[in-house]
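S.K.: Below are the structure tokens for one structure; questions will follow.
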Amino acid sequence: MLNSRVVDTPPRTSRRIKLSLMGPAFIAAIGYIDPGNFATNIQAGASFGYTLLWVVVWANFMAMLIQLLSAKLGIATGKNLAEHIRDRFPRPAVWAYWVQAEIIAMATDLAEFIGAAIGFKLLLGVTLLEGAVLTGIATFLILMLQKRGQKPLELVIGGLLLFVAAAYIVELVFSRPEIAALGRGMLIPDLPNRDAVFLAAGVLGATIMPHVIYLHSSLTQTAGENSKADRYASTKLDVAIAMTIAGFVNLAMMATAAAAFHFNGYGSIAEIEQAYLTLQPLLGNAAATIFGLSLVAAGLSSTVVGTLAGQVVMQGFVRFYIPIWVRRTVTMLPSFIVILMGMDATRILVMSQVLLSFGIALALVPLLAFTGNKELMGDMVNSKLIQILGKLIVLVVIGLNAYLLVSLI
């Protein structure tokens, strides 16, 4: 039946179906290039040059597989990950999962919101508090698009993702990294000291985002008129394109920081504002301005995605709904508190990414269990190879977290 349908579908129509179903992965991918990534990648590149590029490469491959599994769960079952946990786990475990998922979502939003505020401060010369107010207004305006349906939001967020990617192509041209050394950094694993382990955990936490694991399964769970086969075929292409773009941006961030800072004697740069001000004399005003614009674009789009993920988490785990503007208002409060207390914003960004890395396994374990369940997934159940790869990812994440805890004690 499926084969005959594929044969009978005209190629142009099939392409239109694939294109019309693409978009959810671009929303998820924004979570992989948020300001937390800027902070960790800049610090990693400035401190260790190209040494930690391999972490970005492997984390991005892991992220591709994870997001594909999340999307597949929504397509195959019509339910998202949080709903499946609610239906199958004991009530105390469900509440515990909900609490940790909300904490992860708030830590994520803290990084994204403050990052956008820093971007406005650098570009417009306003205070960080004024930048936060501008960020709040802008995110409310973007969230209003949701009233028009999911597709307009996908287009806007996808456009912002492409803008950030284009910005970093320009930054790479300005910084002129050494290609051979860059290639070695991407291919040869190395963790020279405890600081490198800390930053590697931060890069992992910034690259694999627990909140978008929950969100992606929600974005694909609505059936529509297309078959599961069509939707899954489109999703594979969607994930491949979106996550490749996100992976390139992360590599470009770290490579630019390495070329511009580490190899010019600025290895101690650890703050986004410091990076912006140092870029001006090193690479020119244009490079610094593009950096600031990309930070604002990444911050605004990712904080919107974080708000959507928070809604999915709350509704999925505890069936409780609050208006999205209420959630947006509440989740802005920690960012304003951090700013008003005068805390180190970039340090908060990096610490939030390390915290995120501890939430990855908690989302991955049930995701693997559900997508490996033949009764639940039917023909879309994971193959043995996918299950093995998924378990290896869980072990890597848990191992890195354990090593990090021991290193910090």
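Cβ coordinates come from backbone N, Cα and C, glycine included.
So Swiss-Prot lists these for the protein:
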type	residues	note
TRANSMEM	19-39	transmembrane segment
TRANSMEM	46-66	transmembrane segment
TRANSMEM	98-118	transmembrane segment
TRANSMEM	122-142	transmembrane segment
TRANSMEM	155-175	transmembrane segment
TRANSMEM	196-216	transmembrane segment
TRANSMEM	241-261	transmembrane segment
TRANSMEM	290-310	transmembrane segment
TRANSMEM	320-340	transmembrane segment
TRANSMEM	348-368	transmembrane segment
TRANSMEM	388-408	transmembrane segment
S.K.: What residues in the same chain, six or more past the boundaries of the transmembrane segment (19-39), come closer than 8 Å to it by Cβ-Cβ distance?
M.R.: 60, 63, 67, 70-71, 108, 111-112, 114-116, 118-119, 150-151, 153-155, 157-158, 160-161, 164, 202, 205-209, 211-212, 215-216, 219-220, 226, 230-231, 234-235, 237-239, 241-243, 245-247, 249-250, 253, 272, 295, 298-299, 301-303, 305-306, 308-309, 346, 349-350, 352-353, 356
S.K.: Could you name the stretch, out of 98-118, 122-142, 155-175, 196-216, with the greatest number of CB pairs under 8 A to the transmembrane segment (320-340)?
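M.R.: Of the candidates 98-118, 122-142, 155-175, 196-216, 98-118 scores highest.
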S.K.: So what's near the transmembrane segment (155-175) in sequence-distant terms, Cβ-Cβ under 8 Å and 6+ beyond its ends?
M.R.: 23, 26-27, 29-30, 33, 142, 145, 242, 245-246, 248-249, 252-253, 255-256, 259-260, 283-284, 286-287, 290-291, 293-294, 297-298, 300-301, 304-305
S.K.: Using Cβ distances below 8 Å and needing 3 or more such pairs, separated by at least 6 in sequence, tell me whether the transmembrane segment (290-310) contacts the transmembrane segment (46-66).
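M.R.: Answer no, regions not in contact.
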S.K.: Using Cβ atoms and a strict cutoff of less than 8 Å, what residues sit near the transmembrane segment (46-66) while being 6 or more residues removed from its termini?
M.R.: 32, 177-178, 181-182, 184-190, 192, 195-196, 199-200, 203-204, 207-209, 213, 239-240, 243, 246-247, 250-251, 254-255, 257-258, 261-263, 266-270, 275, 364, 367, 386, 389-390, 393, 396
S.K.: Taking the transmembrane segment (348-368) as reference, which of 98-118, 122-142, 196-216, 241-261 has the most Cβ pairs under 8 angstroms?
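M.R.: Maximum Cβ contact count belongs to 196-216.
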S.K.: Please give the sequence-distant neighbours of the transmembrane segment (196-216): residues at least 6 beyond its ends with Cβ less than 8 Å from one of its Cβ atoms.
M.R.: 24-25, 27-28, 31-32, 34, 36-37, 39-41, 43-44, 47-48, 51-52, 55-56, 59-60, 62-63, 66-67, 70-71, 74, 80-82, 101, 104-105, 108, 190, 250, 305-306, 308-310, 312-313, 316, 350, 353-360, 362-364, 367, 397, 400-401, 403-404, 407-408
